[in-house]
Amino acid sequence: MERYGSDTDMDEQEKPLLHRGHEVQKAPVCCSSRYGLALLSSYGFFVVYSLRVNLSVAMVDMLNSTHQSSADHNMSVCPGDLNPAQPKRNHSASVYNWSSETQGWILGSFFYGYILTQIPGGYLAGRFGPKWLMGFGILGTVVFTLLTPLAADLGAGYLIAVRALEGVGEGVTFPAMYTMWAAWAPPLERSRLLTISYIGAQLGTVVSLPLSGEICFYLDWTYVFYVFGVVGLVWFVLWAFLVFDSPNTHPRISEQERLYITNSLKNELSTSVSNIPWQAIVTSKPLWAIVVAHFSYNWTFYTLLTLLPTYMSDVLGFNIKENGILSALPYLGCAVFAVLSGQIADYLRETCHYPTVNVRKSFSAIGMVGPAVFLVAAGYTGCNYILAVTFLTISSSLGGVSASGFNINHLDIAPSYAGILLGITNTFATIPGMVGPVIARSLTTTNTIEEWQTVFYIAAAINLLGASFYTVFGRGTVQLWAVHTSNSYGH
């Protein structure tokens, strides 16, 4: 038997949680430890994504402009807007004569390290506790970020190695945080807490894209890594002193909140890492439903994350300063929709008593089908700048709804092994970051609108496939193989 209960008895499983408020008073949100954890982890993911995307902006200034085509900014499909003269840029830092192939290796090297530590990250978080794993993972990334200018001076090979090591450090962050939430998030508050936590990733993209451009413009590219590196160091100090693995190990949590969290989770028993049911995990259809959905969603996400600035420049004709701001808009919309969806999802589950599986599937469908429709539509806007940016923004914004869909379903089907499951799904979901942009660039060699339409169609089709697969095989109840009776940390 694969599942713990059937879809039809899900309501009965969730009712004890709904009624438990009569036994244990729900702890207030204001000044609570669990929401403090959500905000601090959001700051952490802000750092994670800032360090991930800042190189793509800094790379523009790291290259010797005399070796770049003088027509690069004049050959867009659409005529660029006329802009007033810009202040003289600061080019005091070193520049390099890297070929396009070398640039591709540098930009992609992060994901080759990132994919290595997804599954080990989930295991180690369960074995030793998630706090220090996530803390040192991000700290390591921060240190290598601060070393980036030195590595670039030493040579492209050193920079590739540093970026790959940054990926190794960041690879443990999401599995560690899922393991943390397995001990901290009451079931009926999961959507809210996790969307607050992971909105930091979107905000990191929103802030770092335009800010990195401004730093390069008025200072030089080395300060991109120094500024965001310092921001990361501040986060680590706060994380080290304010965060704990579980409510039972937190010295300052109120007794009311501690009881509220632990009692709400008492039927979702904690992990025993000495006997992980690997066979049951890898043969679980609900898990593979998440894998397919996560892979499909990330194909569109990473393709746009990597190539949206290129599309804005080479097709729509926006200059570098406009590009940074407009490229950030879709991720701002995604962040807003992610938070709103979390509030609505938990309202539907807690107040309206909607089954979890229905909420997860509905939000996944909206967060994957909606972006597919508007992404394809964006390819047919021609040189209508406003409509193109609007459709791309709507596409990414609707993608934020999936944050309350398949994205947190790991905690529904196996809270005991949420970190390991996230490691598995994120391993597969990293592959689009490695191959998606490569395929997209191979299809857009001349940067025509028709070529980009093909890229958008492929991403949309993959999204629809993932949404369909998840709708059929996704589940919302704790799986039988996920039930254990011990915990290796904090309980």
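The backbone N, Cα and C atoms fix where each Cβ goes, glycine too.
Straight from TrEMBL, the features:
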TRANSMEM  35-55  transmembrane segment
DOMAIN    36-478  domain 'Major facilitator superfamily (MFS) profile'
TRANSMEM  105-125  transmembrane segment
TRANSMEM  132-152  transmembrane segment
TRANSMEM  223-244  transmembrane segment
TRANSMEM  287-312  transmembrane segment
TRANSMEM  324-342  transmembrane segment
TRANSMEM  363-380  transmembrane segment
TRANSMEM  386-408  transmembrane segment
TRANSMEM  420-440  transmembrane segment
TRANSMEM  452-473  transmembrane segment
For the transmembrane segment (420-440), the distant same-chain contacts (Cβ-Cβ under 8 Å, at least six residues beyond its ends) come to 104, 108, 111-112, 114-115, 118-123, 126, 174-175, 178, 276, 281-282, 287, 290-291, 294-295, 297-299, 301-303, 305-307, 410, 413-414, 455, 458-459
For the transmembrane segment (386-408), the distant same-chain contacts (Cβ-Cβ under 8 Å, at least six residues beyond its ends) come to 190-191, 194-195, 198, 202, 289-290, 293-294, 297, 300-301, 304, 308, 316, 326, 329-331, 333-338, 341-342, 344-345, 359-368, 370-375, 377-378, 470, 474
Mean of pLDDT values spanning the domain 'Major facilitator superfamily (MFS) profile' (36-478) = 87
Selection from 35-55, 223-244, 324-342, 363-380, 452-473, the stretch that has most Cβ pairs under 8 A to the transmembrane segment (287-312) = 452-473
Tertiary contacts of the transmembrane segment (363-380) (same chain, 6+ residues out, Cβ under 8 Å) | 293, 296-297, 300, 341, 345, 388, 391-392, 394-396, 398-406, 449, 452-453, 456-457, 459-461, 463-464, 466-467, 470-471, 474
Which of 35-55, 324-342, 452-473 shares the most C-beta pairs under 8 angstroms with the transmembrane segment (223-244)?
-> 35-55
